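According to Swiss-Prot, the features are:
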- 34-54: transmembrane segment (TRANSMEM)
- 71-91: transmembrane segment (TRANSMEM)
- 102-122: transmembrane segment (TRANSMEM)
- 123-143: transmembrane segment (TRANSMEM)
- 157-177: transmembrane segment (TRANSMEM)
- 200-220: transmembrane segment (TRANSMEM)
- 232-252: transmembrane segment (TRANSMEM)
- 266-286: transmembrane segment (TRANSMEM)
- 294-314: transmembrane segment (TRANSMEM)
- 370-390: transmembrane segment (TRANSMEM)
- 405-427: transmembrane segment (TRANSMEM)
- 443-463: transmembrane segment (TRANSMEM)
- 473-493: region 'Disordered' (REGION)
Amino acid sequence: MTTDALTALLPFIVLSAAAVAVMLAIAIRRSFRLVFWLTVGGLLAGLSTLPHASSVAPLQVTDLLRVDAYGLFFHALFLLAALVVALLCLAYFRRRENENEEIFVLLLTSTLGALLLVSSAHLAMFFLGLEVLTISLFPMIAYSVRASRPLEAGIKYLMLSGLASSFLMFGMAMVYGDLGVLSFEQIGAHGAELEQKPLALAGLFLILAAIGFKLSLVPFHLWTPDVYQGAPTPVTAFLATVSKASVFALLLRFFTAAHAERSETFLCVLGLLAVVSILAGNLLALLQVSLKRLLAYSSIAHMGYLLTGFVAAGLLRRDLQTETIAFYLAAYTVTSLTAFGAISALSDDDRESDRLSDYAGLFWRSPWLAAVLTLSLLSLAGIPLTVGFVGKFYVFAVGVQAETWPLVATVVIGSGIGIYYYLRVVLTMIQPAGVGQRVTLHPAAGTALAAAALVILAAGLFPQPLIDAAANVPQPPPTADSPQRLTATGGLP
């Protein structure tokens with residue numbers, strides 16, 4: 001293996017070494033704080049390797065793995081998100097007796113799976129990366145073994161993930177049986193004839209069904225509210241951000257390589273999934289009295305917004321499609337981390353602060369925490385001066401440019417419904433204070449929330465740096481198309 005290849009693989013090597021180091025530390029001497037600092041050190045070391053990997057990118061390291069600026073953008077996003085989740089885990093799990101340090105090993109391995117997933121260039125690596133991510137998530141979801149709800153959530157996720165993996169493997173087999181290839185590039189070479197390849201087209205739809213499960217797209221969403229509610233809140237934060245963002249980034253890489261935009265049937269299916277996900281997610285969120293379930297249904301709607309941007313921008317220019325998805329995923333990730341981080345900070349030793357009634361009078365008990373949660377909800381709603389508004393503006397703008405009017409109308413209707421249930425939570429927090437203890441915020445959780453809230457505000461008020469970063473992410477695979485962008489003002493088979 002060449003020096004350039006080793007340099008490109010540095011983020012994966014460092015994260016793998018960090019996971020092994022944490023396991024050895026646990027085996028030698030159990031210390032929650034030591035393991036936490038090893039995890040943070042591993043994530044920071046992974047971040048420090050990204051400039052070195054970028055210096056040799058783009059590079060096809062093997063037939064399975066491609067390291068390029070597209071993947072490295074999401075590597076940075078996922079490592080930063082995992083760092084925030086590690087801080088939330090320190091504050092959340094150290095308050096609970098008999099909670100062991102293995103949560104940090106699982107956090108590192110699941111993050112490694114996300115990095116592998118977004119850098120996949122072959123369906124085999126797609127499957128391997130997805131399984132590394134998913135298998136690490138099973139015990140994370142069921143981690144609080146003393147409670148029945150996390151265990152139930154873990155079993156549900158395990159069973160339905162197995163079904164999704166079956167769809168994925170069967171779809172891969174059908175694609176290989178019809179085309180004789182599994183690499184994204186070689187599948188793309190058959191893109192013009194996919195409509196005349198019914199077996200391969202059916203295989204792609206099965207792969208889409210597996211991806212739809214991971215993204216909670218309707219009708220593959222039924223696991224989402226129960227798992228979000230049952231999992232420990234820091235794990236829910238990871239599941240809602242890194243897990244979903246990595247799968248969507250892979251969706252963009254795979255289906256653009258396969259030239260799916262040439263298939264009218266495929267675009268119609270994606271558009272239909274976007275419409276029903278937006279409407280179902282928002283309407284079901286109206287009925288919730290649990291904040292975590294409300295955010296679960298909200299996440300379904302946000303995946304629909306992302307699909308809208310995927311379809312509409314893909315009809316215009318590929319580089320605009322990448323810019324739209326990259327910006328929206330970054331905005332959604334930081335906003336969701338803030339919302340779930342606030343819920344995690346409010347949870348006590350005995351139970352999660354999950355019911356809306358738990359937030360009554362929060363503004364009077366903890367004004368700062370209420371302000372952070374309010375900011376995250378306003379960003380999810382797409383209110384101006386937040387990063388969520390800029391992300392939703394991207395989706396709306398590309399929809400108008402592409403003249404996909406049914407999708408644009410659905411985004412407007414869904415956003416209007418979303419404003420109602422997000423503001424319902426805000427109004428609950430400013431009700432007169434009842435009986436309730438003042439909230440004591442752990443320094444780790446406070447640091448994570450302060451940083452995330454600052455990003456929401458800064459990127460909402462001054463979005464151009466993040467827009468530039470998203471615009472500089474090349475389309476996977478690179479194209480020769482001239483750039484069009486939005487600005488703040490406008491070997492194996």
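Cβ coordinates are placed from backbone N, Cα and C, and glycine is handled just like the others.
Not measured: the values here are computed from a predicted model.
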At a Cβ cut-off of 8 Å, and with pairs 6 or more apart in sequence only, do we get at least 3 pairs between the transmembrane segment (102-122) and the transmembrane segment (266-286), yes or no?
no
What residues elsewhere in the chain lie close to the transmembrane segment (157-177), defined as a C-beta under 8 angstroms and at least 6 residues from its ends?
123, 126-127, 130-131, 134, 137-138, 141, 187, 199-200, 202-207, 209-210, 213-214, 220, 222-223, 227, 493
What else in the chain is close to the transmembrane segment (370-390), if you only count residues 6 or more beyond its ends and a Cβ gap under 8 Å?
298, 302, 327, 330-332, 334-336, 338-339, 341-343, 359, 362-363, 415, 418-419, 422-423, 425-426, 429-430, 449-450, 452-453, 455-457, 459-461, 463, 466-467, 488
Are the transmembrane segment (405-427) and the transmembrane segment (123-143) close, by which I mean at least 3 Cβ pairs under 8 Å that are 6+ residues apart in sequence?
no
For the transmembrane segment (266-286) and the transmembrane segment (200-220), check the count of CB pairs under 8 Å (sequence separation 6 or more) and say whether it reaches 3 or more.
yes
Within this structure, do the transmembrane segment (443-463) and the transmembrane segment (232-252) have 3 or more Cβ pairs under 8 angstroms, counting pairs 6 or more apart in sequence?
no
If you count Cβ pairs under 8 Å, which stretch among 34-54, 71-91, 123-143 touches the transmembrane segment (443-463) the most?
71-91
Sort out the residues at least 6 away from either end of the transmembrane segment (123-143), same chain, that have Cβ-Cβ distances under 8 Å to it, and list them.
64-65, 99, 102-103, 106-107, 109-110, 112-117, 150-151, 153-155, 157-158, 161, 165, 168-169, 172, 175-176, 182-184, 187, 207, 214, 227, 230-232, 235, 238-239, 243, 246-247, 250, 254, 492
Restricting to the same chain and to residues at least six past its boundaries, which positions have a Cβ under 8 Å from a Cβ of the transmembrane segment (71-91)?
11, 32-33, 36, 39-40, 43-44, 46-47, 50, 53-54, 57, 103-104, 107-108, 111, 114-115, 118-119, 233-234, 237-238, 241-242, 245-246, 249, 326, 329-330, 333-334, 337, 340-341, 344-345, 442-445, 447-448, 451-452, 469-470, 473, 476
